[in-house]
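Undergrad: I have a structure I would like to understand better, so I am pasting it below and will then ask my questions one at a time.
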Amino acid sequence: MKLGNPFVFRPGPVSFWTTIVYLAIIIPLIYVQETVPPAPSEKELPQGVNLTEAWLDLEVITRSYHPFNSHSNDIVREYLMRRSRDILERNGIDYTTDLTGGVPWESRYLSSAEHPVQAAEVSARPRGATLFDDRISNVTMTNPQPNNTMGRYFEGNNFYVYIHGSEDPEGDWWTSDNVQRVARNGAGVLVNCHFDSVSTGYGATDDGMACISLLQLLSHFTSEGHQPKNGIVLLFNNAEEDGLFGAQAFGYSPLVQFCNTFVNLEGAGAGGRAMLFRTTDLEAAEAYSKSPHPFGSVVASNAFERGVIKSGTDYSVFVDNYGQRGLDIAFYSPRSRYHTEEDDARHTSVDSIWHMLSAALATTESLARTTSTQFNGPRSDGRKDLVQSGRPTAGVWFDWYGSSWSAFALRGLFAWTLTLLITTPLVLFVVTYLLVRDDKWYFFATKVDSTVGDGEETVSFGGWKGFVRFPFALVVATALTIGSVFLLAKVNPLIIYSSGYSVWAMMISLFYFVSWLLLRGAHFVRPSALQRGFTLIWLFIITWVLSVFAAVAEDRMNMGAVYPLAFLHTFAFAAVLISLLEQYALPAKQDFARQVSGENEEEEEQEQENLLGDGGNDANEQNNEDRGDTDIAATPTETTPLRAGEEGHGSSEQTTTFANTYRRPVPETRVETRSGNNRKRSFPPYENEQAWSGRLPTWTWFIQLLLLVPLYVTVLGNLALVQTTSIGKTGTDGSSLLAPLMGVGILAILLLLPLTPFIHRVSHHVPLFLFLVFIGTLIYNLTAFPFSDNNRFKFYFKQVVDLDKGSNVVTLNGLEEFVRPVISSIPTPAGQRIHCDEDPFLSNLRNCQYDASLLPPDVADGEELESLISIEASKSKNGKTILVSLDALNTRVCYLDTSFPIFGFSVHGGAKRDDRFGSFPPEGLQQIQLWRRDWEKGWNVTLHLGGHVLPMNEDSVEATEVDEVDDDPSGGELKRGAAKELIVTARCAWSDANSANTIPAFHEVKQFMPRWAIVAKKTVGLVEITKKIKVA
């Protein structure tokens, strides 16, 4: 039995290969997305790395919640310091402990390019380390936020280990009187983690795995034979979760200018793979390429830069405030466990630890080997108030199936795009010109007059058939797909939270089926061999137009995220070129016309001979032959008119693409139906397509498929899955409910675009199956409950006790539709009327409140609530400043709110305000956050009233407590000398929920909330207690 050609452009092979190619790409992408590469055996690990030890460390530090404002935080800090000492001693490292901190850096930083290091200053330095225990540094700053600028005072307690590099300066150079000149060599690498968790999570992924990774880096780089060339600083910072405070306090370290590069390890999910969230430049991305399992792309970096992703990490402090260059490696999935009690060791794995650790190890090792000039020198922005980290190169980077890494300059992508914009139309124009010159340009060819013998005959080529099919089908399929997005967003927008793949299946199946229905239907009505070529031409035009905008984005906006378009543009051009070159297999149009006309003449002569020889033949047969000049064929088809002798609708030569019936010109039809010509039998057209199309090659489509699909779909498909995983569960955080669904809809269209040139050849089995998939997923997506035990609805808790009003209110913040069922499951609010107000910062969320007077917090070992906060205030004699003394039991965090703006503040014993972290707003501010490292020491805060002046007395007046004070109705608009009182509200926060008796209202919520819901903290404190005073 003779087997057919498996690559012929027929329904069977096309259905098989298009399905196989897409599945061969998508299935591995999903596998990479859903799995983590296994960790190597202990024997295969780098020297000094022990994953068993790392796992035990993780279990120890995640035994309890350990936010900055908890005693467990101190225990975790002490444990990590003790483990660092143990590792150094085990590796035989002579280390010292340094208490240096609070170094006020000058505003001008030096670089080795401006002040070259003398050869005598640097010599080979032996192995060694210094452990910095910083309990000195504090920072005073303002934190500009839209409509809510606040002052901040923070006392840090970071610790960090400086691993001496072989080319670092000798001795304790950071104690030098001229430390800037010594540190200017600036080749040190900062590796950062934060050891605090949120008050509602155990912090396994955020950020425990990062910190135990730093311990393993310490063990590796202090092992024999692994001393780095450049020094490495392993920073364990505190209070990142509450405002990036630890990284800001590191700004007062004597080593901050020594570190020109950094590796920040973070967690915004709970396990899975650690992704390269963002990086500052190409050089840093190339350092990451040494990772055994790289994962990430420049798209995330561009999204952060444009504010599409608003999550903040210590990366922003190192880059924006210090001017360092480096990268952010972070866990990102599943976000439903982020900042909840499910961020624990049970929901992660050793494999995830290894994925982050291996990336950090490879990147740090690469950065520590760089020369002092690669990341050191004058900045491209010319700023002298930041670390002189050299001139970065904008880049593009992405991974291939989590196994390999591509990184190249953004200028290279721009050159690629520009080359495509200029050369591809020229090449296609030249090829088209050559085809026209050789009379082989069949696209848009209508008819050719041919003279054979004594007569002249017109031969039709059907060169416009199929021209408008693709844009029409694309518009309709896109409109229906986007319409389904809005339908889901209206009815059940959070279904993507737990059933992302169901949403993907719905969008892909809908676009596929509608595209096939329209394109296959058009081909059935008016078969055309040019449909594939026309679709490819449209694809090329679309990508060329989009590339114009991409070039502008690359050149003017430094956006590398458009790199998938360059792939599609390149391959669309190559596919169109193949379709044009295929026409060289056809005869010249005039030759074909003469051939057809000659055959027609021979046929007529043969018919006449037959008539003369058989004059008594049936009259109907004679009549049918006479009608051969006008009818399509003697045999009725689905396009034959119902009434004999009547032309079908749309039978003229100027028929539309989607005509219901049609008639072919005589010569074309005769060639298709004539059975007596051996040459035509050798090249039969497919399914009544144009007669000349039989000579076209039937295998070139497969090359076009392999050009268009594999690389482009791999690159875009990876981004599509990451997009769904990253933002699919952000709706409960207050983000847009439409954006994740719209992302899936648009990306589904873009992923299937390369299939459209071939889809009209797909047999009905595949699209009908996908139609059933669409019906099933549509019903499921519209009706299914969006949350489950593994994908729990996240809501936010806060309890406020107002000592002046005597109120105790619990606020549950979230999407009201689901918060109300949560409240109904809790005993305390039973019977209460629950009122929900709009969140002032996140319009999608609501604050639903209920009275919790029956569950007062016990945050200070039985102390009465009224005695927890002590506050006193006095004004200066001239009425221009206020001194506030504030203390609270068993907490490190308090806030001061003022009834009208103040125009300056200072904390006794604190540093002056640091302009690196924000300027003071000209309109003043009305809130100050106060953080301390100790549990007993109070705050003495001086408030500068600026233009507001309180009544002037000879002696300072002490403030009096009030039961209840209304806010200043004037909004703080006081004039100098106005007799107006200042109302100061102290709000102190408690965050330690490790004991159920401490915050019983919180534990009641945890105990009785539905299985499909999970609670997280709303603000820094799970409990806030407020107390007001007035200064008259």
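Each Cβ is built from the backbone N, Cα and C atoms, and glycine gets one as well.
Pulled these from Swiss-Prot:
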type     : residues               : note
BINDING  : ASP206, GLU241, HIS339 : Zn(2+) 2 binding site
REGION   : 595-688                : region 'Disordered'
SITE     : TYR338                 : site 'Transition state stabilizer'
TOPO_DOM : 1-11                   : topological domain 'Cytoplasmic'
TOPO_DOM : 33-415                 : topological domain 'Vacuolar'
TOPO_DOM : 437-469                : topological domain 'Cytoplasmic'
TOPO_DOM : 515-532                : topological domain 'Cytoplasmic'
TOPO_DOM : 554-560                : topological domain 'Vacuolar'
TOPO_DOM : 582-701                : topological domain 'Cytoplasmic'
TOPO_DOM : 723-738                : topological domain 'Vacuolar'
TOPO_DOM : 760-766                : topological domain 'Cytoplasmic'
TOPO_DOM : 788-1032               : topological domain 'Vacuolar'
Undergrad: Should HIS339 (Zn(2+) 2 binding site) be counted as helix, strand, or coil on the basis of DSSP?
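TA: Coil, per DSSP.
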Undergrad: Would you count the other CB atoms within 10 A of the CB of HIS339 (Zn(2+) 2 binding site), including those on all shown protein chains?
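TA: Counting Cβ neighbours of HIS339 (Zn(2+) 2 binding site) within 10 Å gives 25.
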Undergrad: Do any residues of this chain, six or more beyond the ends of the topological domain 'Vacuolar' (723-738), have a C-beta under 8 angstroms from a C-beta of it, and if so which?
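TA: Contacts of the topological domain 'Vacuolar' (723-738) (Cβ under 8 Å, skipping residues fewer than 6 from its ends): 33, 300, 309, 332-336, 485-486, 489, 493-494, 496-497, 500, 503-504, 744, 747, 791, 793-795, 814-815, 839, 841-845.
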Undergrad: When you average the Cβ positions of ASP206, GLU241, HIS339 for the Zn(2+) 2 site, which other residues in that chain have a Cβ within 8 Å of that mean position?
TA: SER197, VAL198, GLY201, GLY203, ASP207, GLY267, TYR338, ASP343
Undergrad: What is the separation, in Å, between the Cα atoms of TYR338 (site 'Transition state stabilizer') and ASP206 (Zn(2+) 2 binding site)?
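TA: Computed Cα spacing between TYR338 (site 'Transition state stabilizer') and ASP206 (Zn(2+) 2 binding site) is 8 Å.
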Undergrad: In this structure, which of the binding-site residues ASP206, GLU241 has the fewest other Cβ atoms within 10 Å of its Cβ?
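TA: Each of the binding-site residues ASP206, GLU241 was scored by Cβ atoms within 10 Å; lowest is GLU241.
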Undergrad: Tell me, by DSSP, whether ASP206 (Zn(2+) 2 binding site) is helix, strand or coil?
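TA: Its secondary structure by DSSP: helix.
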Undergrad: Count the residues of the topological domain 'Vacuolar' (554-560) that DSSP assigns to helix (H, G, I), to strand (E, B) and to coil, and report the three numbers in that order.
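TA: Helix, strand, coil within the topological domain 'Vacuolar' (554-560): 3 helix, 0 strand, 4 coil.
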Undergrad: Tally of helix, strand and coil residues over the topological domain 'Vacuolar' (723-738) according to DSSP?
TA: 9 helix, 0 strand, 7 coil
Undergrad: Quickly jot the same-chain residues contacting the topological domain 'Cytoplasmic' (760-766) by Cβ under 8 Å, restricted to those at least six beyond its ends, or write none.
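TA: Sequence-distant neighbours of the topological domain 'Cytoplasmic' (760-766): 9-12, 14-15, 18-19, 512, 516, 519-520, 522-523, 531-532, 701.
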